[in-house]
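Enquirer: Take a look at the following structure, please.
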């Protein structure tokens, strides 16, 4: 089906988060700092895990992939938003809008499955420690990561195919800083009630179901830890609690936006900022940078780089 013949809209206007110039400059500075910190923090995690052989374990393999996804999730729309604040050119082509929808659902869908894989890893390590090595083998970890990307691609393709079938013949103002189905489908020249039901059944219910599974696994893990009163258990309890907070901050906005697609745009904007800008920087801080093993590996990597620079001969011309 030829999409160009169905749609009279060739581009969309992104209204962003605010019309106030002062607020836009504030958002520009804050989001620029968050984006740079997200890329630097997650890149540092990936480099550290790859460089240190002591971190070549299933948990850190999954964390490395989480960092890659977080960098991708932070990059699909944030750089354009930052650039738009400088140029004032807040438009996006129809194809660009569809591309944003694809990558948003690709990265969020992949991260949802990866978070479940990480929960499975922690559950096995704490509740079945004697069988951990045989259950969570390197092959299983690779399979979990591949499965997360496959699910992400399948989910994003279903959303894109759905978006391409919609006729756009009227208003083209997207009341957000990026394109996503909950805001774009309301511009279509069809009844949005049926579209809302599709949104709930494909994205909302999936996100809610995965969150319930994650919640149950963390409850089991926390109960198991609580029954072992020791210093090591208290550290694991603190870490698992922090992990669940990040999971809640990621799933909460997703569930609300897709379970209630006709909700307030202001609320949707605020929640969208959480899982596209704030969560990608929280993940490395909560999951990895608080970890003593990772901090030790980073110090070793830093010392190695400094020593290599000192031993490198200098040439004067």
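FYI, residue positions are counted from 1 along the chain as it appears here.
Cβ coordinates are placed from backbone N, Cα and C, and glycine is handled just like the others.
Just so you know, TrEMBL annotations are computer predictions that nobody has curated.
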Enquirer: From the ranges 25-47, 163-185, grab the one TrEMBL calls transmembrane segment.
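Expert: Feature transmembrane segment in TrEMBL: residues 25-47.
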Enquirer: Suppose you look only at the domain 'G-protein coupled receptors family 1 profile' (41-287); what would the mean pLDDT be?
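Expert: Mean pLDDT, the domain 'G-protein coupled receptors family 1 profile' (41-287): 83.
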Enquirer: With the transmembrane segment (59-78) as the reference, find which of 25-47, 98-118, 130-151, 193-224, 236-258 contributes the most Cβ pairs under 8 Å.
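Expert: Ranked by Cβ pairs under 8 Å, first place goes to 98-118.
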Enquirer: Under 8 angstroms for C-beta pairs, at least 3 of them, ignoring pairs fewer than 6 apart in sequence. Is the transmembrane segment (193-224) in contact with the transmembrane segment (130-151) by that rule?
Expert: no
Enquirer: With CB pairs under 8 Å as the measure, which of the listed stretches 25-47, 98-118, 130-151 comes out on top against the transmembrane segment (236-258)?
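Expert: Between the candidates 25-47, 98-118, 130-151, the best contact partner of the transmembrane segment (236-258) is 98-118.
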